[in-house]
Each structure stands twice: as C-alpha cells, then as structure tokens.
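Read the structure below first, then the notes.
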Amino acid sequence: MDRSRTRSLSRDHSPSRSNSPPRAGRSYSRNSRSITRSRSRTRSPVSNRSRSPTQSPVSRARSRSGSGSRGRSYSRSASPEIQSTKIVIEKLTKNVTEAHITEIFSSYGEIKMLDMPLNHQYNTNRGVCYVIYHSSSSAHAAIAHMHEGQLDGAVINVSIVIPRRSDPSGPGSGPQARRPPPGPRYRGQTGNRYRSSPRQSHPPPPRASNQGVDYVISFRFGSTAKEKAEAQFEKLIAALDSVGLRTEARDGANGSVLVFVTVRSEQKLIGEVYRSRVKDWLFGVRPAAPDKETQRSLDKEPLTEAERLRIVHKLITLPVGEGGVGITPKQGPWTLVESIFPLHDHDFNKAWLKDWSTTWIVLREELEKLRDRFGEKIAFYFAFLQSYLSFLVIAAAFGVGSYFLLPQYSLVFAISNCLWSVIFVEYWKRQEVDLAVRWGVRNVSQLQNKRAQFVHEKEVEDPVTGEVVKFFPAWKRLCRQLLQIPFALGASAILSALYAAVFVIEIFISEVYNGPFKSVLVFIPTVLLTLFVPILTSILTKIAARLTEFENYENESSQEAAMTQKIFVFNFICSYVPLFLTAFIYVPFGNLIVPHLDVFGLTVQPFAEDEKPTAAPVFQINPDRLRKQVIYFTVTAQIVNLALETIVPYVKRRVFRKAKEFQNNRKGFENAGKVNDSKSEHAFLKRVRDEAELDEYDVTTDLREMCMQFGYLTLFSPVWPLASASFLINNWIELRSDAVKICVEMKRPVPHRADSIGPWLDNLAFLSWMGSISSAVLIYLFSDSATAAGTPKDLTLWGVLAAIVFSEHIYFATRLAVRTALSKLDSPGLLKERRERFLVRRRFLQESLGVDEETEVHDLEKVDHGAQAAPTSSSAFWSQQRGPSETIAAGKGIIESSLSKKTQ
C-alpha cells in the first residue's frame, strides 16, 4: 500500500492537504510564512522508506544521501508497547512554532498539552518540544509516522518519554524521564525499535556489598546526658531528611550509633548532579553547558562513584544557605557527631592492590580509575608521585655516575641536579594543567564552597548579583593574617634554638668530651630531640590551627592553603636545620667555636674523683659528619618513616579500642562492644564498626613527605650523589604502601575535587630555588681538590655572595628557558581544551550570528523590487549595477579605458 502525504501550515494555521507527490520546501513572503513537512512511505513485508526532497534556492531541505533517498528495513513485531502518552520532538529548526507542531501532530490523536521551551533572547524555540496525548496509541502513532521525518527541511527525532516509577523509599514520584531516542535502523535489523543507549543511562547506585550506603555518620554519645544526646540525634536525622537523604540507625557499640545515609530518590540525585554541572559551567570549569535534558546529559557523561559521593557529602556538610545542612563533626551544634565517612569498596581495593603489586609503572588508565573512585585530589597525589618517580630514574642515573666517575662535590653534578629540579617543577606545572583538563576540573579551585565554620560580621547586598551575602571585612582578615609573621619568626626561633642546643651538646660529647660516662652521655641529644621536638611541634601545630581559624577564611581552599604554609615552616626547620648547622656553621667555623665548648667538661669533672684529669684535646673537624647526616636523612629516616606509617596506625587502633572498652566499662556500659545484630547484617555491621575506628586519611601528610624529600635532593644532593637512587627505591615502595594505607589502615577518603596539588607546588618551586643557592655554596666551600674531603678552603665573603648571586641568576634564566620550551609543546589535555572551546564558539556563531539563507534571498527580492520603484537618493546609486556580473563588467570597462588613455 502506497501512501504519501503533504501538509502545509501557514501563519493563519489553516490546513491544506492534497494527494500530490511529497515535496519539501518553504516559501516566504512579507505577509505569510509556511512550513512544509513531507514524508513518503511505502509499506511492504520489508518496509522501505525514501525521502526525495526537491531543493530550490529558497529551500533548506537536504537529502540524507547523495541520491536523496535512503532505504531501511526493520521488524515491528518485537517492539514492546510502552504505556506513555508523552513524546519529545528534537532537532527542530528555529522557524517551527507551537502552532506548527499542533497542526501536524494533532492528526495522530487529540493533544492534551504541548510545551515548547523558548529562547527569550531571540524569541525562538530551543530545538525541542514536548507533546502529551490523551492516549498512548496516539503517541506511538506519532513516533511511527514522524520519527526521522522532515520538518522544515530538517530531519527530526521523535521518541517516547517514559514515566519513572515511584521510589519505594520516598513519597510520591519524581519527574518523568525520557527514553533515549530510537537509534538508526539499518537494513536487516530486527527487534526492539527503542534501542537502548550504549552508555550508562542511570547514575550508578552504591556498591551492593555496602547495602546501598553512601555515607556513615558516627554519633558517639558516651556518657552524655540522655536528654542532650536524644535531642541532638533527633536534630541530626531531621536535618538529613530535610535535604532528601534517607537514614537508618544501627548500634555502633561502645556508646555510639551508626547512621547510614543514602539519597532518598534517584530524581533528587539527578537534579543535584545537573545543578552541580551547570554551576561548573557558569564558573568556567566546564567549557560548555550540560545538556538541558538531564537524562541525556548522564548518557553523554555518566555519573562516577566519586561524583555521587561528593554531591552527597555536600548535602551533608555545606551550610544551609549553600544547599546543605552544615553538619561539621565535633564542632558547633554537632559535638556528638564523631565522623562522616564513606565505606570502602573492598572488591575494588583488592583488585587495585593486586594490579599495582604486579606492575612497575602506574599507567594513566589506573589513575583514571582512582579518580573515578577517590576523586581528583587523591588522583593528583598519585599522579605527582608517579611523575616524580619517573624523573628520579634520570636523577639516579646522574647520581650513580657522579658517585663512581666524578670527584666529590662535583660542579658538573651540581649543575645537572639543579637543572633536573627546574625541569621537573616546570614539567609538573604543565602536567597539572593537562590532567585538570582531561579530568574536567580546570579552574575548579575558583569554585569555592563556603565553610560552615565561617563567622560573618554582617549581611550585605552583593553589588553585582543583588543577593544578600554574609560579609567579613577584608581589612580585618588582613590584620589577623599579619599575626603570621611574629608567629612564624617565633616558631622558627624556638625550633632553631632547640636544634642548635642539641647540636652543640652532640658536638661537645662526641668530639670534645673524653671524660667518664661518655658512652651513656652520647644518647642525650637523641633523648632531647625525641622528647621536645614532638611536644613543641604539637603545640605549635595547635597554635597554627587556632590562628588559621582566627583568620576566619570563607572557603576551604583558602583555609587549607594558610594551614599548609604554616606546616611547611615547621617541617622546613625540623628537616633541614641540622644539616644547615653542620654544612654552614660546624664545617666553616668549627675550629673557632668548638674549642670554647669544653666549659661543659667542668660540670662532669667532680664526678670523676678517682680518675686523672685529662688534657684538653686538639679539635679537628670531622670530615664525614655532613655526609653521614645526609645518608641518615635520605636512607635511615625514610625507612623509619615508612615503617611508622604502616605499624603505628595498627598499634594505635588496637590500643585505643581497648582503652575505649575499658573506659565505657567503668562508666556503666557493661556490654560495651557487644551488640545483637541480625544474622543477615552481622558481617556488614562488623566491617562498618571496624572502619569507624580507623583514622582519617589526609593526603596533605603524604604531599608534605614528598615535598621534604624533594628538598633533601635539591639542597644537599651534592654531598652524597646516591641520595636520588635511595629515593627512587623508597618511592617505588611508597607508591604501593600508600595504596595499602588507604585501603587497609585508613577510612575511605571523601572524593574532593582539585585542579593541582595545591600550595605544595609553590613549596617545590621554593625548594628548587633554595637548592640552586645551597648547591653553589657547597661547591664553593668543598670543591677544591687540594683540600681534604669535607674541609673547606679559606672563606671570603665576596666569594660566597658571588656564588649565591651567580647561581640565582642562572636558576631564573634556566627556569625561563625551560618554561618557554615546554610552552611550545602541545599536550593531549590542552588540545582537548582548545578543541572544546572552538566547538563552543562555532556553535554559538552558527546559532546566534549565522545568516539565514532565506533572509538573504528575501533581501535580494526586496532589492530587485525596490529597483523597479521610483529611485531615491540612495536607491538610484545602488540600482545602476544589478548583481556581481554587471559590477565586474563596469570595472573592466574602467580599467580598459584608463589603460588605453595611458597608451595613447
């Protein structure tokens, strides 16, 4: 049976139908406008479709192949009937209006409602329209007849919109979700014509092994009064429910309650994801806005587990004004909330540890998996560690070659080491940008979330947005930040004085004192450092934390940066001051200072009554002291730290568990630690209780460790060139041990986003600059081959200053050259960014600034029509030459006449 149909709709919305051959075209006049939809179909046992639009200068109709026709065959028998009365029409041209859709689609059934979103800036449609029929048969008829048909010369998509099922966990049902448009049907294809999308179309649920839990909140009431504990717990559950989160409570043992949290409905999560992505676009994190159809947006960019956990965490922790409930553990009104943490995915953890234990190099695909699970902040740390490890191969090769082939304190090795550090820092800066673009977090640091602990002074109206915002004067924060200067100076003075005093005692006992009890007294420096350094560091860290809180930063990134810089000062002093004292105090001026330290021998002499007084020894500088110290810090200390990272958390957890049980037993919780779980939940709840007792993982600690290690390499590597080889072996193990630490020894980290390693990058650059100065001074002091190893030649102030100034200028020149050279190289991430921005600009120009063919033709018709009318002052000028051919002829005539006159 052959059927052809042509419909034309004009502005007066009067239908005109005829049984003529199908035509596609549009005609325009000043007073009327028509849009023609054409489709010709021939049905047979093997159904064929063909489209043969007739093209004209005024028409936009385009054929879908070179011949203007295309055939398909498919079977309709396997198609399930989806009971929905709503369809969506996509890929509409800007000329289509609601009246046109009503006229065409009402022929398949009575329309109940029609919704066409408009672009109010240009007063045109947005390329999509929703139609709701009174019956599902009408919707299916419209899809059967109009999908991949032509409307206004463009091929449109028509697909069903499936109503979502009501979430059993929440009241009511969410908004409807659209079925992805049916895919192309090729010759010979049979089956369901609503072909499912090849990509994931729904947000991934939490892992089944975790019972669908997103987060666990540990609520520890202990010996708190019953009324207070119950009131705060009720407030907690009500707050979580207010932002669409579902909760379940279980006994956490030892005086605690475990609150399990997940999103109440899938629609709530999809809405939060869409809002988050739109916000990213508005702040420049994403180059283009997400698709307005939320389901299609998830199809194009599936939701990862890290993004899901991050969004749920924001609902829990963001302030009320930012869309969350502002739950901050152990602070404010939430003093009984001990921790908020996601649960480990043990299947993934086992696969992760197995893969990394059998590979030598961590590939980029592995980093992508970490990013999808633990967020960009953790992934950036492992990416940095892998890059650092790769560069250490080059440094270790230089170091081993220098150790066996070059003299000690080699100038060649010092220069190569400084060049290596500059190239690495500049390379990582570029690598950060590349990874940020690939992971879609470029400039995410500009997207600031306000801290719940931020204390505002007043509320003012934003002069830009007009919104009422919380305000704290910048000048007050600046005055508070100035307190960092005396604090940094005081902390530096205290720690430096401690290390200097211990250093003097150590030199005196080991190299000056020869009296009794020397074998025991040599342990005094170690005991003093072991006792006082942790105590002072803990006190100063607490003061730094309170000072940072007093500075009252509005967002988390500023708070973290301020605290990081304070911690860097402490670690810089604790790590490098002993070596600085040996290299630049003990070695150059030891002959002048150390002999005066024998005054301490008078305090010991009375205890040696039976022994003869010893003569004062002749002091000589120990040539191996500096090298032995460098070996200790680069080898022994690294091994000790690695052991402490793996052993101490386990011992600490066991001790604290026993201490809590003992404390709860004393306070009346006789059955503390013993709970009655159902058999189906016992294994799961036991695992959750074990994870609740783990420490929280702080990636800043590992970044600090790597930064300090980099400092040893840049500052003191000329003393012992094999330091880079030691770090290479240590970091290969560290890369795997950190994975074990995250999976076994720590709570699962919250997947925060980041576009870099934060302030530690600036600290790396600072250490690289300091290394150029330190290496120059060490080479100046010890490079003279005429002197014994470790003994400096005669010092001159101008020589030291000249070495510092010369090396510093060479450093800045080298950094500029390396930065310029790297900027000339393209990377996949930067190419991707430029390509995406180009596509956005091109699409904008096509949609907003493009010239319509019909408009041009219409303008030409107006020009021709105007030329026939009475000429005016301007029309008479423009009517002398009609079209480019006459203009060319006139120009040739002028050229010919001018040249002929010149020839004559």
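Glycine is treated like the rest: Cβ placed from N, Cα and C.
Because TrEMBL annotations are produced automatically, they should be read as predictions rather than curated entries.
The compositional bias 'Basic and acidic residues' annotation in TrEMBL covers 1-15. For 26-35, 43-53, 64-79, 168-177, 185-200, the entry in TrEMBL reads compositional bias 'Low complexity'. The compositional bias 'Polar residues' annotation in TrEMBL covers 870-884. Per TrEMBL, the feature domain 'RRM' maps to 85-163. Annotated region 'Disordered' per TrEMBL: 1-81, 163-211, 860-904, in sequence order. TrEMBL lists 378-405, 411-428, 485-509, 521-540, 567-589, 630-651, 763-783, 795-814 with the feature transmembrane segment.
If one looks beyond the transmembrane segment (378-405) by at least 6 residues along the same chain, the residues whose Cβ comes under 8 Å of a Cβ in the stretch are 361-362, 367-368, 370-371, 412-413, 416-417, 420, 423-424, 427-428, 431-432, 435, 439, 699, 702-703, 706, 710, 713, 717, 721-725, 727-728, 731-732, 734-735, 738, 742, 749, 751, 754, 756-757.
Contact between the transmembrane segment (485-509) and the transmembrane segment (567-589) is supported: at least 3 Cβ pairs lie under 8 Å, counting only residues 6 or more apart in sequence.
For the transmembrane segment (521-540), the list of distant contacts is 491, 494-495, 498-499, 501-503, 505-506, 509-510, 513, 570, 574: same-chain residues at least six beyond its ends, Cβ to Cβ under 8 Å. Per DSSP, the secondary structure of the domain 'RRM' (85-163) breaks down as 22 helix, 30 strand, 27 coil. Regional average pLDDT for the domain 'RRM' (85-163) in the model is 86.
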